[in-house]
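S.K.: Got a structure for you, questions after.
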Amino acid sequence: MTKILYVEDEPALGKIVKESLQSRNYEITMAEDGLAGLRAFESMQPDICILDIMLPKMDGYTLAEEIRKTQPKMPIIFLTAKSQLNDVLKGFKVGGNDYLKKPFSLEELIIRIENLLTLTSGQVSNAQEINFGKFKFLPLRYELKCPDNTFKRLSHKEAGILSLLLKHANSTLERKEILLKLWDDDSYFNSRNLDVYITKLRDYLKADPNVEIITIKGIGYYFSY
């Protein structure tokens, strides 16, 4: 079971988020201030951390920096009411992988957790950047550097799909595996959504004709570069 450390000093919000995540079969450990969060992190070794920024005793930025000292690749999501650009940039600078502004929907939080876990699992996702063909993929920043040196900002789903394709490069990746990892079910509706994202990725990658996402009818995709 995936273990989540959730540090939040608003009890009402914390209770709602905790119950929602538990309903998705996540194991949640909560703390209400930064120091308690650091102690919890050291004792539980979570798979991902969700940190409020405005915390008593130790703010979320400082807590993230302390976490990074021992676990430099720990996935971290910041939750905060602070929405100024400088605040967002500071969050990324201290090591945050994602930044969700309050108020937020629980569904959006869950999607971001699932995608970040997908992106940071395995050798491909743990890399700071992956070169393929004439492209460079920065999975933790959801960015694709194109042959003309411009950057394409990817959605969470697009980045997740590209990560899976790269992990299975030059082999077959089943549609069902993508759907279960990124959507949690392989329903018809989600399958059609997958088609849309594959079309978008093909459009992004057409600048290099050697990079191909080949459809294997009834099975999935073959990614080559």
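The backbone N, Cα and C atoms fix where each Cβ goes, and this holds for glycine too.
No curator has checked TrEMBL annotations; they are predicted automatically.
Under the heading DNA-binding region, TrEMBL lists 127-225. Under the heading domain 'Response regulatory', TrEMBL lists 3-117. Annotation comment: TrEMBL describes 127-225 as domain 'OmpR/PhoB-type'. Residues or ranges marked as 4-aspartylphosphate by TrEMBL: ASP52.
Describe the structural surroundings of these features, if you would.
M.R.: Here the DNA-binding region (127-225) has, by DSSP, the following mix of helix, strand and coil residues: 41 helix, 26 strand, 32 coil.
Each residue in the domain 'Response regulatory' (3-117) gets a DSSP state, and the totals come to 56 helix, 24 strand, 35 coil.
A simple way to gauge crowding: the CB of ASP52 (4-aspartylphosphate) has 25 other CB atoms within 10 angstroms, across all the protein chains here.
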